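Novice: Just dropping this structure here.
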Amino acid sequence: MTTITITRPDDWHVHLRDGDVLKDTVRDISRYMGRAIIMPNLIPPVIDTESALSYRERIIAQGPQGNFSPLMVIYLTDNTSAEEIHKAKASGHVYAAKLYPAGATTNSDSGVTSIDHIRPALQAMQEAGMQLLIHGEVTAHDIDIFDREKVFLETVLAPIVEQFPNLRMVLEHITTADAVEFVTNAGPNVGATITAHHLMFNRNHMLVGGIRPHFYCLPILKRNIHQDALVKAATSGNPKFFLGTDSAPHAQGRKESACGCAGSYTAHAAIELYAEVFEAADALDKLEAFSSFNGPDFYNLPRNTDTITLKKESWNVPETMAFGGDEVVPIRAGEAMLWKVI
């Protein structure tokens, strides 16, 4: 197969940042994505409807390509009220609220310290039909970083699912076979996004032969048995699993340092990266559902009606890309890609 035409895909988890870098991140995400769920972990975080709508206007002001639509998210804190949830839902532009356990990832210090603090907000979300997006890791210092997702499933997520059975929730950027099993066996209100980099790489790619900081992300890359489970889930056709890049840019100097930031940039070639994974798994026929159908179906939104075409054509990823006044090193920098959007 040398060309594939699929319904225009969406990205159900992306970081665009803010300020002078927006022109670059919006350029890349809108190149062929129809919609994207925009992460709210700015400084300061997007904690209410007003700040979400303001952020949306800043994104649109960059002149995204095509008919790209940013779908906004508010950042849950210990103080998020039920009233704010209903206000956000009524705005027509806020599609979800994000649960960051405090300290779990980049700019999550204002996140939730205990689920007990957000029960009224979760109840309001269940009533309003708003999605809960979850960074599924515990943050206790005595829990090994490679085990934090598994422990979260057992100690935090399972009780939420039990206590709020009608709350639709997305376990984002899953990284373990445990998460695949949890989502598969949960009811129809639990879905998951899977990133391209967690499908393509495991912790050996990051650590063997030298530390490669551009593979460092959170949740951290796991061993290959978990990578294999993710590939099987993504290519299975199960509608619970869908595309979410978690493309998370940092300036080159903030990655290549003694204390580098977590995040991998993939928005420059997202669907091309996924296409390589699906081709290697002999599952190109499942790419459209994963990329273009399962996400909007889970969110109860219409599927896109136009298409994009990928061609089996080699092209080289730039070594660096513009990122405001800095540069970002994209995933597969300097390497050849196998598929190209034409």
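Yeah, the Cβs are placed from backbone N, Cα and C, and that goes for glycine too.
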Novice: From the candidates HIS135, HIS205, HIS214, give the one listed by Swiss-Prot for the same Zn(2+) 2 site as LYS98, HIS173.
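Specialist: So, going by the record in Swiss-Prot, that would be HIS135.
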Novice: Out of ASP178, ASP228, ASP246, which is the one Swiss-Prot records at the Zn(2+) 1 site of HIS13, HIS15, LYS98?
Specialist: ASP246
Novice: Which candidate from LEU71, LEU167, LEU218 does Swiss-Prot annotate alongside HIS15, LEU16, ARG17, ASN41, HIS135, HIS250, ALA262 at the substrate binding site?
Specialist: LEU218
Novice: Across all the protein chains here, work out how many other Cβ atoms are within 10 Å of the Cβ of HIS173 (Zn(2+) 2 binding site).
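Specialist: The Cβ of HIS173 (Zn(2+) 2 binding site) has 27 Cβ neighbours within 10 Å.
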Novice: Taking the Cβ of ALA262 (substrate binding site) as the centre, count every other Cβ atom within 10 Å, in any protein chain shown.
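Specialist: Looking across every protein chain shown, the total is 16.
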Novice: Suppose the Zn(2+) 1 site is HIS13, HIS15, LYS98, ASP246. Which further residues of the same chain have a Cβ inside 8 angstroms of that site's Cβ centroid?
Specialist: VAL14, ILE37, MET39, ASN41, LEU133, GLU172, HIS173, GLY244, ALA248
Novice: List the same-chain residues at least 6 positions away in sequence whose Cβ sits under 8 Å from the Cβ of ASP246 (Zn(2+) 1 binding site), in sequence order, or say none.
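Specialist: Residues satisfying the criterion: HIS13, VAL14, HIS15, GLU172, HIS173, THR193, THR195, HIS197, CYS217, GLY263, SER264, THR266.
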Novice: Given ALA262 (substrate binding site) and LYS98 (Zn(2+) 1 binding site), what distance in Å do their CA atoms have, once rounded to a whole number?
Specialist: 18
Novice: Given the binding-site residues LEU16, ARG17, LEU218, HIS250, tell me which ones have a C-alpha lying within 10 Å of the C-alpha of LYS98 (Zn(2+) 1 binding site).
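Specialist: So the list is empty; none.
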Novice: Within its own chain, what residues at least 6 apart in sequence put their Cβ under 8 Å from the Cβ of HIS250 (substrate binding site), listed in sequence order?
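Specialist: Listed in sequence order, they are GLY260, CYS261, GLY263, TYR265, VAL328.
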